[in-house]
Amino acid sequence: MVAALLLIFTVAAYSHIGHDRFVHMDDDSYVVNNPYVNHGLTPAGIVWAFTTVDQANWHPITWLSHMCDVQLFGLAPGAHHFTSVAIHAAASLLLLLLLYRLTGAVWQSAFVAALFALHPMHVESVAWAAERKDVLSAFFCFLTLLFYTDYVRDQDRSRFYLALAAFVLGLMSKPMLVTLPLMLLLLDYWPLERTHGAPENTSLKRWFGLVWEKLPFLALSFVSCLITFYAQERGGATRSFGEISAVLRLENVVVSYAKYLLKTVCPFDLAAMYPFPSAIPAWQVVGSLLLLLAMTAAAVLLRRRLPFLAMGWFWFLVTLLPVIGLIQVGEQAMADRYSYLPSVGLFIAFTFSVAGLSRKLPNRPTVLGACAGILLVFSAAATWRQVGFWHDSVVLFQRANRVTPNSYVIHKYLGLAYADTDLDAAIREYRAALALNPRYADAHNNLGLAYAAKGDHAAAIAEYDAVLREMPRHILAHLNRGASLGNLGRLDEAIAEFEAVLRLAPDYEDARANLQLAQEQKALRAPGGRR
């Protein structure tokens, strides 16, 4: 009954997702314009999924899931979105089963699972097609924890191996799951209580034994970290200390932790992009640090009375580590999707702490039930509203621009959103981005493409030149400059640009095809060439 209600409310909250389209934020690269994915399941595509580090990640299970969707539904965006909803709902049911198996507390387990299913911060992970990796990795994470729980409770070694297998599938969905061995240790602390009841002089030995037991999981995490580092370095996703200083990164880490906590509690002003700031006010850093220290101190001091508070708080801190920004990837300071798994720790800490501290409350079942119902109705309504902002790229980034105004990154994405239907509006947005950051390479490159689409190739070349002055190895700027030069009949210069691309990326097929075309056009113009 509880599981059925959870499923019904989850599907209801996301029921209008079928009207949402693909958005111009990785959906093109992941699905729409990816030649391996948009042909469905093929032998070549399956091999590619396991061997590519495209999009600066190695996640073959994610690629295969997109291929399965195309095989079944074609490129209908609504069907792709409903697949993500189905996986999200399945993950929520697994979380319910896991917590009930661990604690035997049906209503607390149901409330945590419902918060996970209905929290508006999780809409980004579900409604964004390119974030399929989030819902997949969460599903396999909870499955791993469930198998591990069965292994501990039943002492069935086969369950340990099933947990390892599920963990591998989770890492192959999204490498953010590398912190799972630490999550297992947190489960050992509570609610499995494998560290309790030992004399003080044997507690360290017990912890050592528990860590030793996790060595296979730690080894898999280590391998995944190596692969991820290689993939992101090769994909150029990481940002150097020259771009973002170590001090600013650390300040953003502290502030982002606090913002994730506050947005989980008060999920207002959610957006698809929170751009990385050029500076952070000192009061935000100090205030955030004090909040985190206070929460950590409370969790430690109350660990015996409220072990679930400590377990949930450290789950939150630990699972955010891979994406908190110590190694900065992308243009965002934080992202709603990064809270998908970490928020479970906060939900556990809150739910079980309230249940534990309210035992003497008069009319406890009625009061807690009413409060829980109000919270879940609010969450479901906010989720319904948030899904609407993912209707299309224009709606999505207009919303982001209202939440975080004066962001050159968001103006770039708005330009991309307009580029298919309104080139003048796209040009206006790219210029707005450049007014805020005149050295922003992506905006110059996209503005060049917009000028080229309008037939003004001279203006386009000027924009590509602006990119190459800052980033001489910018592959797309070389490629696009070559295309515009070719359209102006400057074939020798175009050929030089395509050759430059192939020196930087020898396997770039678009550059090779354009080079061949330019060479053929040059041959036709030569004396004696065929006409």
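Using N, Cα and C of the backbone, Cβ positions are placed for all residues, glycine too.
Annotations in TrEMBL come from automatic prediction, not curation.
Now, the feature entries from TrEMBL:
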type: TRANSMEM; residues: 79-98; note: transmembrane segment
type: DOMAIN; residues: 82-186; note: domain 'Glycosyltransferase RgtA/B/C/D-like'
type: TRANSMEM; residues: 135-153; note: transmembrane segment
type: TRANSMEM; residues: 160-187; note: transmembrane segment
type: TRANSMEM; residues: 207-229; note: transmembrane segment
type: TRANSMEM; residues: 282-301; note: transmembrane segment
type: TRANSMEM; residues: 308-327; note: transmembrane segment
type: TRANSMEM; residues: 339-358; note: transmembrane segment
type: TRANSMEM; residues: 365-384; note: transmembrane segment
type: REPEAT; residues: 441-474; note: repeat 'TPR'
type: REPEAT; residues: 475-508; note: repeat 'TPR'
Inset, instruction - Report, as numbers and ranges, every residue of the chain located at least six residues beyond the repeat 'TPR' (475-508) whose Cβ falls under 8 Å of a Cβ in that stretch; write 'none' if there are none. - result: 441, 444-445, 448-449, 452, 457-458, 460-461, 464-465, 467-468, 514-515, 517-519, 521-522, 525
Inset, instruction - Just give the helix, strand and coil counts over the repeat 'TPR' (441-474), going by DSSP. - result: 27 helix, 0 strand, 7 coil
Legend entry - Local confidence of the prediction over the domain 'Glycosyltransferase RgtA/B/C/D-like' (82-186), expressed as mean pLDDT: 98
Legend entry - Beyond the flanks of the transmembrane segment (308-327) by 6 or more, those residues with Cβ under 8 Å of it: 175-176, 178-179, 182-183, 186-187, 189-191, 238, 249-250, 252-253, 256-257, 260-261, 295-296, 298-300, 302, 333-335, 338-339, 341-350, 352-353, 356
Legend entry - Same-chain residues at least 6 beyond the ends of the transmembrane segment (365-384) whose Cβ lies under 8 Å from its Cβ atoms: 9, 12-14, 16, 111, 114-115, 118-120, 122-123, 267, 354-355, 358
Inset, instruction - Helix, strand, coil: count each for the residues of the domain 'Glycosyltransferase RgtA/B/C/D-like' (82-186), based on DSSP. - result: 96 helix, 0 strand, 9 coil
Inset, instruction - Pull the DSSP breakdown for the repeat 'TPR' (475-508) and write it out as helix, strand, coil residue counts. - result: 27 helix, 0 strand, 7 coil
